[in-house]
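S.K.: Encoded as structure tokens, here's the structure I'll be asking about.
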């Protein structure tokens, strides 16, 4: 994977994914072994949209590898205000850094930008598009808690607009996952995503539901996402729908004892705070997994003596 | 003090304070001895309110110890905008860092946040509440310039709202300080603070004044704070009062030659620039002392081989 | 040059410039030789105006030398909002860092600030004033591509307000450069700059043109700057003038094969994207040269074992 760009979860083969997750597990077990591994290396951060956890997690990962970051800062304080194109911005910043991380509001921005640079570029979210490093940390969390073999997963909430969900669904099609999608009618998975999943995964078991109730007992993992108020023209409609898709301790009584509950965070009301105290809750662990997974990915991309892990 | 949270100056015993100040003096004398001491350690910065010197001073301290920081950035560019609770934010960022620094506009925020995290959390100001690391650097500056034994200090300006002043007054009650509070009637120390001081310090010598004149000649230290325009409904009233509490070189003619003038900065008109050139001025030194004092505190909290200094 | 401030390109002698450019070339050839040279050193960044490439380039330079930065952040999140003077701000931050970089909207700010601090202060742009490190990287790029001896350079665009242009013109007067200034009548070089150039450079060959056409074939370097829309009261007038000073591949057919095209970036429409693919384009290289040039300058100012390079 050395010197490649990481743009979409679709580009990642099962073998690519396993290489990253295995390396992440190694790093997690012995972080001191890599504490100086990329000393002197710089990661350029280009966030054209706000981000807390993705940005901090990349920054932490790079620093835990002995490297450092250079950050473009907010769009308001940058040359973008003066009308510079994205192609020019990435070509300039490429001269400062050994790899780049890009978040941008426009779908396709990462693909376009990657064509102008020679250093590895990692997509940290492009509008309604992809967010492949989120997917990798999701897969890592699933593997640690429930295993990726013979998995039954429910993915619930806003399935129409959530880039996290689309990235994850494509990646899971590499494994023999049974995927259940639970959402209100108006926020169903886009038809083309469903179509793609059936194409890509011969043994796909992709089913859609409007209610969690019927499927909850069979799930190994329940992946909850936020239903955004601004998707609804009417506040009453939002309240009614959001309420139906909230998870409390009572909801989970019908679930398997081993059910793992995930969420990409930030959450608002989707999961009640009481759930945090249960064995089901894996969402903070999931956020923390961003560090070893991004360390693994950066380590593989930056190469060096780590050649034997690359492909 | 290892693995404790530092939330309020009230929690610090005389012995705690002396441990930190002694360590700060050691570090100041030989900074190279600790230059790599916390290599690889990360300090998480969560500033929910603007700050220049506190934030930069923590960042400098951590880097002078060989460590690094990960910064949440401004609230505008963070997940807080999406409605995330403080409890969730600190639990996520805890996964990135070995200790956290929190500034928050709400009083009590640091106490609440500390209940959700396992790494040490340092309060860098919680609304009208506490700001204990400012107090430690104030105490360090007083000790270096006038000594903490048999101290006579005047604290002047806005004593009603200033968290710096309340933190300092509580800490000084651990030493046999004679504390004189000088302010306009409308900005006097809150009654509960005066009450607490009398409770906590058996030999307290706490007196209040409306004018500096009568007490100035007896002072070892004069600690000036800013009177904020926005506290006054009427501009004329503000001008009149602010003028009475300004310090110029002429004001200081009545003072002891050894008087030390301090200010937490930023200042506006409270101290005339001419005072900067006199031997009295200690406010820039005071700001700079933030670095060794915070280095000492971080070093004690992060522990490691430094165990013999911990308690 | 050790422990000096770097405020204006006028203060730099030919020998100073050559010292920096020679050191930059050494660093470029073997960056690993300096990768730990300033470990533990901190550079304070004070940007009172937005900047992407200057700020990131200084940050990259300091980190590539093994050092680190402490950043004041945006004015909105700093004590400046509370009415602190620049003199106070720099005196506080001086206590955190081993050198300071200052960008400020007011002309003369860097000179004033430098009088209050003991650590080296580098001017990164003061309003319509100077931007000497930009000049040094421009000179480095010229030397690498066309040589500084017997140079014929065209400088085109907004010559009235561009601080980059004024800094460069003064510096080039140290070398026997033939300088051609190409601009619309309303954006000509200020009369005092022309006067100064004639004073400082006995053999000055300073000529002004309204059109590029007549002079293009004789140029070794064409330095293009942005014509800002906001300089024109009338959009039609702007469109007409901006159009006349745009460079496309067709424009360059009349140029020497060896012509080097430079631009301080960001560009908007001044240079067509097709030019990027030609051998003429040196503007991304120019931006990247900011790193070795600023590394060289910081290395010389921070001194240490590097004494033999200092003067």
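Just so it is clear, glycine is given a Cβ too, placed from its N, Cα and C backbone atoms.
Since the structure is predicted, the reported quantities are computational estimates derived from the model, not experimental observations.
Pulled these from TrEMBL:
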{"type": "DOMAIN", "residues": "A:5-144", "note": "domain 'Aspartate/ornithine carbamoyltransferase carbamoyl-P binding'"}
{"type": "BINDING", "residues": "A:53, A:54, A:103, A:131, A:134, A:265, A:266", "note": "carbamoyl phosphate binding site"}
{"type": "BINDING", "residues": "A:82, A:163, A:226", "note": "L-aspartate binding site"}
{"type": "DOMAIN", "residues": "A:150-300", "note": "domain 'Aspartate/ornithine carbamoyltransferase Asp/Orn-binding'"}
S.K.: Give me the Cα-Cα distance between residue A:266 (carbamoyl phosphate binding site) and residue A:226 (L-aspartate binding site), rounded to a whole Å.
M.R.: 8
S.K.: Return the residues near residue A:131 (carbamoyl phosphate binding site), defined as same-chain residues 6+ apart in sequence whose C-beta is under 8 angstroms from its C-beta, sorted by sequence, else 'none'.
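M.R.: Once residues fewer than 6 apart are set aside, residue A:131 (carbamoyl phosphate binding site) is near A:54, A:123, A:124, A:125, A:163, A:164, A:167.
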S.K.: Calculate the per-residue pLDDT averaged over the domain 'Aspartate/ornithine carbamoyltransferase Asp/Orn-binding' (A:150-300) and state the result as an integer.
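M.R.: Looking only at the domain 'Aspartate/ornithine carbamoyltransferase Asp/Orn-binding' (A:150-300), pLDDT averages out to 91.
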S.K.: For residue A:54 (carbamoyl phosphate binding site), just count the other CB atoms lying within 10 A of its CB, please.
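M.R.: Other Cβ atoms within 10 Å of residue A:54 (carbamoyl phosphate binding site): 25.
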S.K.: Run a quick check on A:82, A:103, A:131, A:163, A:226: which of these binding-site residues have any Cβ-Cβ distance to chain C under 8 Å?
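M.R.: Of A:82, A:103, A:131, A:163, A:226, the entries that lie near chain C are A:82.
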S.K.: Go through the binding-site residues A:53, A:103, A:134, A:265 and tell me which ones have a CA within 10 A of the CA of residue A:226 (L-aspartate binding site).
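M.R.: Neighbours among binding-site residues, in sequence order: A:265.
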S.K.: How far apart, in Å, are the two Cα atoms that lie farthest from each other among A:53, A:54, A:103, A:131, A:134, A:265, A:266, the residues recorded as binding carbamoyl phosphate?
M.R.: 17
S.K.: DSSP helix, strand and coil counts for the domain 'Aspartate/ornithine carbamoyltransferase carbamoyl-P binding' (A:5-144)?
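M.R.: Helix (H, G, I), strand (E, B), coil: 69 helix, 23 strand, 48 coil.
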S.K.: Return the binding-site residues from the list A:53, A:82, A:265, A:266 for which some CB of chain B is under 8 Å from the residue's own CB; sequence order; 'none' if the set is empty.
M.R.: A:53, A:265, A:266
S.K.: What is the interatomic distance between the Cα atoms of residue A:103 (carbamoyl phosphate binding site) and residue A:82 (L-aspartate binding site), given in whole Å?
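M.R.: For residue A:103 (carbamoyl phosphate binding site) versus residue A:82 (L-aspartate binding site), the Cα atoms are 19 Å apart.
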S.K.: Under a three-state reading of DSSP, tell me whether residue A:226 (L-aspartate binding site) is helix, strand or coil.
M.R.: coil
S.K.: Hey, how far is residue A:53 (carbamoyl phosphate binding site) from residue A:82 (L-aspartate binding site), Cα to Cα, in Å?
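M.R.: Distance between the two Cα atoms comes out at 28 Å.
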S.K.: Please list, in sequence order, the residues in the chain of residue A:265 (carbamoyl phosphate binding site) that are at least six apart in sequence and whose C-beta is under 8 Å away from its C-beta.
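M.R.: Spatial neighbours, sequence-distant, of residue A:265 (carbamoyl phosphate binding site): A:53, A:283, A:286, A:287.
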S.K.: Using C-alpha atoms only, work out the spacing between residue A:134 (carbamoyl phosphate binding site) and residue A:82 (L-aspartate binding site) and round it to an integer in Å.
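M.R.: About 31 Å separate the Cα atoms of these two residues.
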S.K.: Taking every protein chain in this structure into account, which of the binding-site residues A:82, A:103, A:163 has the most other Cβ atoms within 10 Å of its Cβ?
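M.R.: In terms of Cβ crowding, the pick is A:103.
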